[in-house]
Each structure stands twice: as structure tokens, then as C-alpha cells.
Amino acid sequence: MTSPSSGEAVAEPASNGLGWLLEQRVLLSIAVLAVLPWLLPSQALAVNVLIYGVVVMGYNLLFGYTGLLSFGQAAFFGAGAYFTGIAIGRYGVPWFAAVPIAVLFSTCLAALIGIVSTRTRGIYFSMVTLALAQLVYYVALQASSFTGGENGLRGFTVDRINPFGLQVNFLDPVNKYYVLMAFAALAMWFQSRILNSPFGAVIEAVRENEQRARACGYDVERSKLIVFMLSGAISSLGGCMLALHLSIVPLDILHYQTSGMIVMMVLLGGARSFFGPFVGAAAFLILEDVISVWTPHWQLFVGAIFVLFVLFLPKGIWGTLLDTLRVGKARS
Amino acid sequence: MDLSLIIMQLLSGIALGAVLVITALGLTIVFGMLGVVNFAHGALFMIGAYAGLYLASLTGSFWWGLLLAPILIGAFGMLIEFVLIRRLYGRSIDDPLLLTFGLSYILVEAVRIVFGSDGIPFPTPPQLIGVLDLGVGFFPRYRLFVIALVAAVLVVLWLALEKTRIGLIVRAGARDPTIMQVLGVDIGRVWLAIFGLGVGLAALGGVLAGPMRSVNPEMGSLVLAEAFVVTVIGGLGSIVGAVVAGLMIGISISLVALFAPEMATIVMFALMAVVLLIRPEGLFGVRGRTV
Amino acid sequence: MPKSGSTPKITRRTALAGLAASAALLAMPRLGRAAEETIRIGFPTPLTGPFAAEARDQVKCAELAVKLVNDKGGIGGRKVELLVRDDKLNAGEAATRTLELIEKDKVHAVVGALSSAVQLAVNEVTRARGVIYVSISQSDTINEAKDFSKYTFHEALNPHMTTAAVARQTLKKGMKVAHLVADYAYGHEMLRGFKRAQTAIGADNVGEILHPFGAADYSTFMPRLMSMRPDVLCISNFGRDQANAIKQAVDFGVKQQMKIVVPVILHNQRLAVGPDVFEGVVGGANYYWGLETQSKSAAAFNAAFKAANGGAIPTDYGAYGYSGVGSLLAAMQTAGGTDTDKVVDALEKLQYDLTKGPQHYRKCDHQSVQSVLVLESKKKSAMANDNDLFAILANDSGSDDMLRSCSELGHAT
């Protein structure tokens, strides 16, 4: 676990400017996100970058930092959204209480799926998570009295919120963006704490070499389960944000294509880099936005770009960029 | 409930299982030999259906489509292995999976561009239209044909693997590729052939499914999930496992359809969860095999 | 597709300056648009996905409706612009695109959608923001008080109307009826409609089977359906589910034993599956081009569409695009502009006849009262040409009696 980290999982000594900057990753990331709505063509796109950024960030904990390729992250994204919507719409829970409740319930779901799936290894893990997430999809489809089934969950529009006694119109896109950004900031701080903690070093060790980690006395199975739950919890927060943003929960959120999209985003941005998920989410969504205006066959280009990334840029946009910067630093 | 209904139900379960077996077979063979999970398997199944339809209309006979489409698409699969997947051997085991995942997007969209996004009718071959009276009820001739053909393919595959020299090389290569190379076998060529075979089987599944379902660009995505469940239950890489699990799922779905039809899709995922809790490596999987 | 012009850039820059200074949580002052020169109609529709063909027809027809108004000088001198967006048949995507249309493109109204879930998602976004939405996708749910708002209008038929019309043509007293139903809201709505109609007619229910939504294989349901020995099999599902279910029912020899009936028979689905499989299947529809022999409006609509699209014929879902946008624009004409309350008022009072005969929006739930066609798929040898798909069995003219009552839907009467 003292092996030099190729990402930024373990805080590096602030010996140079870049290292110092990377230590401030949470603040820097928030600063970038704060100006995002004014850089992108629409607020709706910026909010999506925020939401998917958080979902992918949670997934990055599992795939990037721990090396577990799950194809079922949509289950937790969706769970966060559904539990938020159900809490607000069905039980009249205020929105600020609905979010932690939803994250808690989603984490329980992650524990259930994790108990089954973390028993398996390698490729098996990918396929099992995929299939279990599909099971969640079908359960949500069937339990229509709770979830609205195929019609999706509706009837929980939050149009006005009162943080610290302020009256804020939540339908205004700018207000909504910054409220949701606060959630994203919280998630980033939480993830950063995990990565900097001793547990962060444990999962790093599990990824590098499971046998060795076990020999060092770590409880690998338990660590995997915990990281699965933490990852699910963070991704579910993205789901809560989506529910508050759209005021609906579409059933498609649970479909395995959503899981696939999350995988694509993390690889585009850069697995095992702190800000990579947001870069990946932005790159994917902008790509889709731009190409789908130009041709209905945008999936052809998205697929091709993804294949090229797997072949030639496995560290993604952000990971490659950081590597280049590091090499530059080392030379100078 | 009368007996003849249950027999008919079992039979439709077996027919359904036969399609599941043929789609899962290619996936599991490629995994067993190459350690590659082919996420484009569903897309290649769909392309097989389109190729079969195209060749059938070109030659005027379903049978040419059935014969040529798997060969053609199998050759296309070899091209994929040679150009793309080969570069990833020695890298993380996740990389081929991710690559084929991206590839499936390209393939589906390419079909949409060439054939349009609507479904296309795939007529049942004239010799097999209609039903056969089995005494207990009527059953579509075409589905009986599918059961028979899948059984024949399984026998041929089994003979090829167990009784021929090539089969011996393939089986040994799956167990230890390094030794094989030391012994002077060009393992790259074996892998190329196996990948082609796996893709060819996917295409065969597609052609067979064509006359039973409408042919459309999205038809592969559901099949992929089903094939995954079958291979996971059967044990990744196990041919016997794929056969047993495929039939088991087909029959379970069919019997559940009698009592709680709306649960027919959920049952296979539930079955998988149960199997995994008891045997994480699947029914016929090798314990400790991780990749 | 034209994106909105230079005004948003100013907003962005102004706001950026403000952002640096103050807490960003406060509402940004929104710059009003100086002169509202064009009328913008948002049009989300699934240009990609399984209903892409229907969606393209919807767009063509909606564009035709816009063009006809613009050719006559627009509305109060203002040109109309249609902003088409791909909702990918995904409710989340549709909600996002609708938000974008409202927030960024500042559309005056939204028309569109092609799935029950997508229209409800769009409706949720528009009604919270007080934007008029004319839905052109089938659903019973959108009529009900829970999803209704004064801004919500429903131009499409609903399952209640189509099943009643189809049942009237196909069921008789004492007949045995079985149902194969997709297990989701829209499927249940169709089943409810059929059962209500069959009870009124006096037909017997011999069984119903729910199948998973989106299933590819229906063979496992067939032995049980056959063992029920019905005279009529009602298949209550939609799109590809319908195509697969009918195809496999035919494979099992179902048609030799019973008649197959569906709530909605789709033009493009019939093309995708072929004449032999669909032969003799009866279903409801909002529009069929062959109506031109009975209706002057249909003849005029066909002619206009053919002229604009190189001789092609308009399809069922395309016609919704035409009448949905057409009725909205007609109401804007009456209201003399885009003032939401005035347009809502005008829509409620509007009597229109765009594709097939008189239509109006019922006051309580804003459901379009309109005629329902019952079609039977033709035998291959009976088809005069490639477009000659159906025979028209009935053309039930529209009346309020076709709909569920306002009080049943939960509206104050």
C-alpha cells in the first residue's frame, strides 16, 4: 500500500505546485462546477453533468479505485431517485429529510446486492451485478403502486425551498443548479475523506493485488462489501439530485443501459482520478448533445470514440492529462 | 389442470430453452477458451438475424440464409478478433469486455443506418409453417425444428471437441495456453477460430429466432442479458452448464407462465441469485476460477 | 435546427459578473426578450428508438401544420417556429429536453411525445411551469385529475375510447373472450376498457393472462390461451410487443380457433410484420389515409401531406402531429397571440376539423372528443397497392359518451 499511486488516491507530498493543487482537489472541483452553467450551452446540460458526475464519482470508487467492474450501478442511481420521490410524494417527507433517507435505503440495497455479488470475482462480478440490477429494474416495473411502473414516478414536484429561512424558487434553473451543487460538493468531500483515510489505502491494496492484501491481514471480502456500499451511497445521492431536478423518476434510470453509460463516462473521463468522473460525464453529455443535433445516429460515434479510448487512451481524458502534466513536471 | 396442458407447456419451455442454449453457447465457449466476455454477443445475434434475412431474400431460400449467415458473420467475428481484441491480450481482463461493449453500440447503429430502425418481417420457411398435432395438442412445426437443430448442433460440437485432434488442442489451450505455445501450437490461430465459432453461434441463434420474433435493431439487447444469466447459472466457460441452465430457465419460465405469467421475466434473475448464493461459480463452473 | 439567438449570451455574461460578487443562490435577474417576433413550439418526439418511423411522421405533419399557418402570414403577423427535439423514447431525456425548451429556448407551448411514460414526464415539467402542453400519445392516466392541469391537453385517443369502439365491432352477446395483456399501466388501461365494453355487450370473460412488458417470447402463454377456447382473443399491448405476440399467436395456429383483436392497430407495425401475420386482425385507430373516400378533411390533409412529402401518405401517429399542432395554432389565432390563459381559454372553446371530422377538447379533462376508426388488416391478395393495408369497418363519430365521465376521472363537475 505504500507503492506509488498512479492516480491521486493517496495524497502526495506537496513538494511541487501540481501536488499542492491536487491536494485542494475538492475546492478546485467545486470552483470549476460553480462556473459550469455559464460555460455550457444550457442549464439543463450543466445540471446533468453535476448529477451524472456524482453518480460516476461514486462508481469510480468501486471501479477505478478498487478495480471492481460493476455493470449494475444504475440500481443505486435509480434507488436514490425512487426513494426520494416516494418519500416526498407518498409520505410527505420534506425534501431535505427525503435525501438522507433515500441514501440510507439505497445503501441498504447496495448491502443486499453487495453480499451476493462481492462473493464472486473477476468477470463474474460484472455479470452478476448486471443481472441483479436488471432484477431491481423488473421489481420497480412490477411494484407500480409504489414506483408508478412504466409510467414513471410523478407527483412530487419541489417548487419552493427555504434554506436558512430564505424563500428560494426551486423551479428557477440557476437556483436549482447551485442547490444541487451543494450536494455534489458534499459528495466530493465525503469521497475525498474516504480516499485519504486508511480505508482508502486498503482498497488500493485490494486493487493492486488481492492475494497480497489478504496476506497483509486485510479482510478483503469485508472491504469489498464496504466499498460497494459506499459507492452505492454516493451514486444514490446523484439519484436524489435527479429526482429533485426533474420532478419525475423515469423507469429507464434502472435499465442496464444506464449502467453502461456510467461505465462509458468513467472511462472517458479517467478511472481512478478524482475529477475524471465530472470530465467524463461532461464529455459524454456534450458529445451526445452535439452529435444528436447533427445526426440521429449519434450512438455510432459515441461507440467508436469509446472503442478508441479503450484501445489507446485507457486512462481517459483527465487521467491522461494529469499524466502528461506530471511527466512535464518531472522533466523540468 | 389437465396433463396435456402441462406437457404442452413443458414443450414450449424446451423450445424456448433451445434458443437460450444456442445464444449462451457462443458466449460461454469464447469465455472458456479466451477468457473474453463478449458484450457484443447480443448485437452479433441481431446482425445474424439481419444477415440471414438478407441472404434468404437474396437466394430466395431460408435454408441458404440459415447456412451462410453464421459462416459470414463468424468470419466477421474473426476479423473483430484479429483487428481489435487481439491488441488487448495481456491487458486488464476488463478491457476486452469494455471494447466489445463499445462495439455493440457501433453494430446496432450501423444496422439502423443500413436497414432502418423499424422492424422487418422475417417469414417462416414455407415447409415449416403451421402446427403439428402431437396428440396432446398442436405445436408450431418451426419450433420443433429449432429444438431438433439445436440438438444436432450440440452433438456436432461435442463430437468435434471430444473426438478430434483439433478438439484436443482447443481443450488443452483453454487449460494452459502457455504450455501449448511451448509445445509449438499457434495459440493465436486457435483463439481466432474459437472467437469466430462463438460469433457464428450467436448469428445462428439470430437466424433461428428471426421467424419467431420480429427482426429489429434492438432485438439483441434482451438476448444478451438472457445469455448472461444462462452462462452465470451454468458456470462460465462450461458447455454442459450452458445446456443445462438454458433448458432449466426455459422450462422454469414456461411453468411460471402457467401460474404467475407476469413474473416470467423475473424468475430467471431470481433463479440466478439463488444459484449464486449456493454455488458462486455456477452449476458446472470450476471452483476457484476467477477471470 | 436554429438555436435561440444572441440574448442568452448577454444573460450569461451579466450573470457571470454577478456570480463573482454575490451569493449564487439568489435568483438571477432574467432579461426579458425585447420583441417577441416568432412563436416557438417545442416538439419532443422519439427520433431514435423503436418508434423512430412514427416520430418522423409526426415531425413531418407538425411541420406541415406550421407551414400552412406561416404561408397565410402567421399568427398576428408573427411567424411560427417548430423546435424539434429527440426524446429518445426515454422519460428522463424527454423531461430534460422539455426543461431546455422552456428555460433556454423560451417556447410558448409544447406539443409531442409518443409513449405513455414520456407524455406524463413532459406534462409534469410543463404544468409545474405553467406552459401549455398538447399531448399526442395515448393514455387514460393523463385524463385523470391527478395528472391533469389547466395547461394539459390530450389530442390523442385514449384506450378507453379505442377498446370500446373495437369491442362494439367484434364482440357479441354470449361470446367467449380471452385477454393477453402487457403488465404495465397502459396494458391495464386497455384491459379495463375491453372488460367494461364486454360486460356491457354481454360477452363472457374466459381468462386473462398478464405478460411481462417488453417480452420477446410469448410461446409460453399460448397453450393456456388455446385451452381457454375463446372466440376472441384481445391482445392489449403496443408496438413491438404487439407484433411479437400476434406473430407467435399465429405460429401456434391461434387464428384458426379465434379472432385476434387489438385496441390500436399501427400502420408501421403492420408494415414491419407483414400482411400474412396481420391478416384479419381488427384494431382501433385515430386515422387511416383510406378515410379520404369518406371524409373531405382527410382528402385535404392527404393532399397537403403528399404535396409536401413527395407523394407519401400520412400515417396514424403522423396525423396526431398535424392535429395537435394545428389545434394549438388555431387557438392562438383566436387568442391573438401566446398569452397562456387566453390560449387555454381558446382551446377549451375551439371546434376544429383538421384530419377526419369535427373535434373539440372536453372542458373538464381537456380530452379531444373525436371519431374512432375500426380497421381490419387486409389479406395480401386483397391489397390494391403497398399502402392499401386496412379495410375500414367502422367510423364512430365523436361524442362525450365515448369518454369516462368527468366525475369518474376525479374532476369537479
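Using the three backbone atoms N, Cα and C, a Cβ is placed for every residue, glycine included.
As written in TrEMBL, here are the features:
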| type | residues | note |
| --- | --- | --- |
| TRANSMEM | A:26-55 | transmembrane segment |
| TRANSMEM | A:62-83 | transmembrane segment |
| TRANSMEM | A:95-116 | transmembrane segment |
| TRANSMEM | A:123-141 | transmembrane segment |
| TRANSMEM | A:177-204 | transmembrane segment |
| TRANSMEM | A:225-249 | transmembrane segment |
| TRANSMEM | A:261-286 | transmembrane segment |
| TRANSMEM | A:298-318 | transmembrane segment |
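When Cβ-Cβ distances below 8 Å are used as the criterion, the transmembrane segment (A:26-55) is approached by residues 73, 77, 173-174, 176-178, 180-181, 183-185, 187-189, 192, 234-235, 237-239, 241-242, 245, 261-262, 265, 274-275, 277-278, 281-282, 284-286, 289 of the same chain, each at least six residues removed from its ends. Among residues of the same chain six or more beyond the transmembrane segment (A:62-83), those with a C-beta under 8 A of the stretch's C-beta atoms are 7, 9, 55, 98, 101-103, 105-106, 109-110, 113, 117-118, 125-127, 129-134, 136-137, 140, 147, 153, 195, 200, 203-204, 206-207, 224, 227-228, 231-233, 235-240, 242-243, 249, 253-256, 258-260, 262-263, 266, 271-273, 276. Pairs of Cβ atoms less than 8 Å apart link the transmembrane segment (A:261-286) most often to A:177-204, out of A:95-116, A:123-141, A:177-204, A:225-249. Across A:123-141, A:177-204, A:225-249, stretch A:225-249 shows the highest tally of CB pairs under 8 A with the transmembrane segment (A:95-116). With a cut-off of 8 Å between Cβ atoms, the residues of this chain six or more beyond the transmembrane segment (A:123-141) that come close are 68-75, 78-79, 82, 109, 113, 116-117, 147, 149-150, 251, 254-256, 259.
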